Amino acid sequence: MLAALIGAALRKGIKGRIWDGYKLHRSDRDVVVLTYVVNASFCCPPLAYRSAFFVAAAIASLAMAGARKKLQERVALRRTAWKLADIVVLFLLLALLARRAATLGDTSTTWQWPWLAALVCEAWFTFVWLLTINGKWSPVRFDTFPEHLLEADDELPAVDMFVTTADPALEPPVITVNTVLSLLAVDYPDARKLACYVSDDGCSPVTCYALSEVAAFAALWVPFCKRHAVGVRAPFMYFSSAPDEAGSHGADFLESWASMKSEYDKLASRIENADEGSILQDAEFAEFVGSERRNHPTIIKVLWDNSKSKTGEGFPHLVYVSREKSPRHYHNFKAGAMNVLTRVSAVMTNAPIMLNVDCDMFANNPGVALHAMCLLLGFDDETDSGFVQAPQKFYGSLRDDPFGNQMEVLFQKLGGGVAGIQGMFYGGTGCFHRRKVIYGTPPPDTVKHGTTGSPSYKELQMKFGNSKELIDSSRSIISGDVLARTTANMSSRIEMAKQVGACNYEAGTCWGQEVGWVYGSMTEDILTGQRIHTTGWKSVLMDTNPPAFLGCAPTGGPASLTQFKRWATGVLEILISKNSPILGTIFGRLQLRQCLAYLIVDVWPVRAPFELCYALLGPFCLLANQSFLPKASDEGFYIPVALFLTFQVYYLMEYKDCGLSARAWWNNHRMQRITSASAWLLAFLTVLLKTMGLSETVFEVTRKESSTSDGSGSTNEADPGLFTFDSSPVFIPVTVLAILNIVAIAVGVWHAVVTGTVKGIHGGPGIGEFLYCCWTVLCFWPFVRGLVSRGRYGIPWSVKVKAGLIVGALVHFCTRN
Ligand SMILES: O=c1ccn([C@@H]2O[C@H](COP(=O)(O)OP(=O)(O)O[C@H]3O[C@H](CO)[C@@H](O)[C@H](O)[C@H]3O)[C@@H](O)[C@H]2O)c(=O)[nH]1
Ligand SMILES: [Mn+2]
């Protein structure tokens, strides 16, 4: 009877309660699960009767699900001790605020503005701490079981894989080539379901030539990887270590290893020595003749068409795309490139899942697509996984994270925490999206409540633009009956693809707003992910072992700070725009706690003025003979001391907990202070100027170190972790702070020792202010060293002179009474 009921329900497409107490859930993949509302049996008399049904139901559900094993498991992580520490810090912050407020109201002390400024800053720090607590409070981990996926023997969805590159000088083609090769070689039951698209915003014939060489090399590389179950399928990384001789590989493996390596070396040197002039003479690259980087028609080349290869053989399609550029159009940087890739792939292969990576981010785990499928297909309700994001991790990274940009703790602690709310932020790379989610489709539960029926041609045209091919393909994506075009003849689709790659294609459509990657921020990733969460989708964090993808973290002062500045600019653009997460929570389906988690990142640049003000208080007090901290004799002195110590120990323990060194903690701590006073501050000012219409924000591409086969990045410097400088204004504020603190300490010591006035003056600085300034100098030590070093390691004179003038003015201001 029960089986009949289930059958009937399935035929009618009914979900939910089918019979007294029994509920039917039907997931995406026809997994039938029947649950029984157990508490109903307690209040009803024929208990045994019902229990029998319960057992029957369980058996029926197992049978109908084909004994399907779970693909993923969401594991909540305990962090009781950490929660306690969170509260202790919060308590100390509140105590500090209360104490300050009380002293301010105390009429016996003369009114002092440093105390008021400190109060405002500390209130802000408390707010930031509250945001942080919320973000980290309830972390989760997702375990994946790809072996169950393969056992189930179902057809897996097709995946379109996107790689973006923008500048052959900053992003050497050999890096892109390695990333592409690692993607072409990922494990997937049917390689015909995969396609790799490379977007080249640099419109470089060398990049295109390099990729055409890849197509030939992959015919050797991919079978080699599969045959020997190679672990890392980016050749430069794989060949950076000796072949595993201890293994069971035998002599013929060593032989093929050596010949593969020599093939790769030849490929790499052909690409590195490629000469643009001679490439252009080749008829194959004729389209590049006369093309300028910022002014050229769309170029699309199918470099490898795998539709004719057999099941289990061959490797994915490879398509080169350089979207049309014209000086009359604004191109929206990476977001624009991603939208073109989305459309081009829609008319060519139209896979329901899309993976995107930066050109330097190779797949480090060959099972990555399978792990991602576990998380995309493994939930009863697909709303739970709108996209699947892998944490950003880096290869050949410098020891102890000297530039504070490896973000391991950030990803583990905050990333895991956010994963437990509405889901991980989209990080711009290493992410699998459902195509329909990128198309702005709301999750299934809203569709049910909203208007039913598929959208009309006219509606789709308004949204997606005039291409009939694109409209048809998007209809199939939205309605869910997706048929990827595995049998398509790729070359015959190039003209349609060129149409959707044109720079005026988006005019009057929803691209860049409700559809695709969202425009209007330098951090299009955060913004796009947030739009998805606002529509009601959740996202999943995919933390595999070994890591899914590895990229290249910038090294040196200028590159690191430029990256931080771009990120900070982008998040502030989001915060003050109509896409602000606050509005998303009020008017959309962005959960409140998720909104607060977004705010942690969005307020980075807003923290700068507060942190700058607080950093100035120390030197100001020493110079002006004032104070902003309680005296050592005062019992209130112990609150800031306890707070400072707990705070530092808390962060140190976090680094230890993530398996990192104390050195890494220190480097990150001081880089946070340096970044705040430089990159975040400049970002704050830039966005301020932008809102006044005085400047534009631009995406400055990060330089990627060309990695030769040693896998460690090309650094022949004595100490690549040493801070480097250039004459950019980003270095001025920290230089000012470094000099100012040294001057202030000197003046303070002089006051204390020579004239002995410290004790004499009521309200003058005490030991607290001294220690505070010394700590600041320690934090800014790379700059102190930069003041006296030469070459790239020294701060240029232009920066020193400007900083010196500002310090002079500040000292004059502080000491004028
Ligand atoms: O006009 C442009 C500018 C950049 N890119 C590509 O965007 C990617 C990211 O650029 P990169 O300079 O490496 O920036 P990162 O700061 O390292 O990137 C992080 O931050 C970005 C947002 O600021 C995200 O887009 C990235 O995915 C994320 O890895 C690279 O593949 C570029 O080729 C373009 O395709 N077109
Ligand atoms: Mn990058």
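Using the three backbone atoms N, Cα and C, a Cβ is placed for every residue, glycine included.
What TrEMBL annotates here:
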- D201: active site (ACT_SITE)
- D525: active site (ACT_SITE)
- E171, D201: UDP-alpha-D-glucose binding site (BINDING)
- K334, D358: Mn(2+) binding site (BINDING)
- 47-68: transmembrane segment (TRANSMEM)
- 80-101: transmembrane segment (TRANSMEM)
- 113-132: transmembrane segment (TRANSMEM)
- 674-693: transmembrane segment (TRANSMEM)
- 730-754: transmembrane segment (TRANSMEM)
- 766-783: transmembrane segment (TRANSMEM)
- 795-814: transmembrane segment (TRANSMEM)
Could you check what DSSP calls D358 (Mn(2+) binding site) once collapsed to helix, strand or coil? strand
Would you mind sorting out which recorded positions among E171, D201, D358, D525 put a C-beta under 6 angstroms from ligand 2? D358
Same-chain residue ranges lying at least 6 outside the transmembrane segment (766-783) that approach it to Cβ under 8 Å: 557, 615, 617-619, 621-622, 627-632, 637, 640, 669-670, 673-674, 722-723, 731, 734-735, 737-738, 741-742, 744-745, 748, 758, 795
Measuring CA to CA, name the entry from the recorded positions E171, D201, K334, D358 that ends up nearest D525 (active site). K334
Other than its own, how many Cβ atoms are within 10 Å of the Cβ belonging to E171 (UDP-alpha-D-glucose binding site)? 27
Do the transmembrane segment (674-693) and the transmembrane segment (113-132) come close, with at least three CB pairs under 8 A (pairs 6 or more apart in sequence)? no
Just how many other Cβ atoms lie inside 10 Å of the Cβ on D358 (Mn(2+) binding site)? 27
Spatial neighbours of the transmembrane segment (80-101) far in sequence, C-beta under 8 Å, 6+ residues away: 115, 118-119, 122-123, 125-126, 129-130, 133, 136-137, 630, 636, 639-640, 642-643, 646-647, 650, 653
Counting only residues 6+ away in sequence within the same chain, which have a CB under 8 Å from the CB of K334 (Mn(2+) binding site)? T164, A166, D201, G428, W517, E524, F699
Secondary-structure category, per DSSP, in which D525 (active site) falls: helix
Can you count the other CB atoms that lie within 10 A of the CB of D201 (active site)? 24
Roughly how many Å separate the Cα of E171 (UDP-alpha-D-glucose binding site) from that of D358 (Mn(2+) binding site), to the nearest whole number? 10
What does DSSP say about D201 (active site): helix, strand or coil? coil
